[in-house]
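Taking it in order: structure first as structure tokens, then the write-up.
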């Protein structure tokens, strides 16, 4: 299940023991122990190689402490670089005044053998860092790709938790940018920042988070079959993607399309026009089917019915603001449509946006307000029921046919430029060809339509998706054969998916749920998805990324008394994100 170790990471006590290895030597202590006496040339070592060296050291200590290999593919690749004769020769020539080639080779061999260096061996990691700095850039990117592979499974994987300790993750970027709360520089917790101890048990997790965890798999299938119409996503998900240009920013993504796992190492390859779907399950809208607002959606299935449902909660899921009004940060969807959402005006009192965002907020609102969400309404029924509505039956089979045929067979058209709302043609239904549907609750599409709602750039989710898009774009840029000729339309795009469920009726209790040809044992039935495209301003992304990287490096420099250099490739990102001037 884990792919990195035979240890049972469902055991919080075992995971806590592993994290104690990190706690015994956090990043700041490692840097001071290793480099305070070797500051000559340290300024030229980018944080990317320091991060890779530190990861290798922690994983080696975990092996010695527990006798179990962890992140073996990453460890093997770093050890191979440490034994590379060409890199050793260059290193020996550049630092001949400090040590002989034999001494350097001996130190690197100890690193490759993962020897215990508690007795005066900290110089070994000075040489490893310098050697990694000499390695070609694509080799460094490959090492970060291996860390992503080693952390797949996310919260169920100890490597994922360890890597987040020293990462400004997408979920924590908003606080790092707005308030200067810097996760990972000095302390960390199981969510990636701000605290000193991991709390892995779900006993204290809120009902809303538990609800999202239970239903995320079903929502992913609905997106695959009804939004992407059977195009293949990244199976088994991705781990933590650490920005290969800074070594600091990181993102864990819910659902990706246009990202492949290639070669024997199964490292990721980002294709043109990749898509990221960030999933949010709206627990606060869980209602019974007989609820009048739910019935209104199922009966009318139009924008007005959905708007009424969203406004039925004391904190409406879509906040209305006038064209020139500043939104609050309470909800992640906004609307300027007074006819549908006027009632929310009095419920959320606007505040001044935080200072780092104030100059850019109007432009971000302008870019996103032109976008419209797509709503897909669902219901479920027993296929064995008497049914005079042939259209509903056809709709069921159309979606299942795509999931079973186009998704598995690949289909002829796998480009990702098309609109997520493009619907496939219906497929004729035949009972005798689909016996697996009988006796189960089959999810089918009732209707789809537009909703005048767009993402709120003041909300923390906007910043979470900003970092997801930025990090994935950097992997695409770094692996592109001709980065100077990248078409900005080929960079990854991000969509926000809001999923609303309903409770089961008495006749639906105990029945398996079938969606996209897959069986689910969810307690609830999907009612609707709201799919919202997210637009980013490359100039603002550069400002936000640069602010956080600079703030974090200065903070760590102060703690370690070392000149920490965190590389910043936001300018290259901007160049790739804007249209190129037309040649005369």
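Residue numbers in this text run from 1 along the chain shown.
Cβ coordinates come from backbone N, Cα and C, glycine included.
Annotated region 'Disordered' per Swiss-Prot: 409-430, in sequence order. Annotated site 'Required for function' per Swiss-Prot: 216, 254, 278, 280, in sequence order, evidence recorded as sequence analysis.
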Sequence-distant neighbours of residue 278 (site 'Required for function') in its chain (C-beta under 8 A, six or more apart): 253, 254, 461, 464, 465, 468, 494, 495, 496, 497
C-beta crowding around residue 216 (site 'Required for function'), within 10 angstroms: 17
Length of the line joining the Cα atoms of residue 216 (site 'Required for function') and residue 280 (site 'Required for function'), in Å: 8
Chain-internal residues near residue 280 (site 'Required for function'), provided their CB is under 8 angstroms and they sit 6+ positions away: 212, 332, 461, 496, 497, 498, 499
